[in-house]
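Here's the structure, in structure tokens; my notes come after.
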């Protein structure tokens with residue numbers, strides 16, 4: 001398993017900080033990353049995927065800590081209908 005990264009210095013985040021109740025069911029642990037973002041902003045990357053979420057400084061209110069996750073959903077049932 002690869003740790004996700006977050007913060008302006010890209011230090012490892014706490015993978016076990018997000019409760020499973022907050023996540024959609026049936027996620028592949030290799031396709032998810034999360035961390036806590038503050039007013040300083042941050043970056044969350046899914047290792048080996050080329051997928052990164054960048055949250056700019058100032059996007060989060062001063063004094064707030066927001067837990068954010070990104071995930072790749074691979075099942076057909078999770079894809080949007082395009083027709």
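The backbone N, Cα and C atoms fix where each Cβ goes, glycine too.
Among the ranges 1-21, 22-42, the one that TrEMBL lists as region 'Disordered' is 1-21.
This prediction places the mean pLDDT of the domain 'ZU5' (31-83) at 91.
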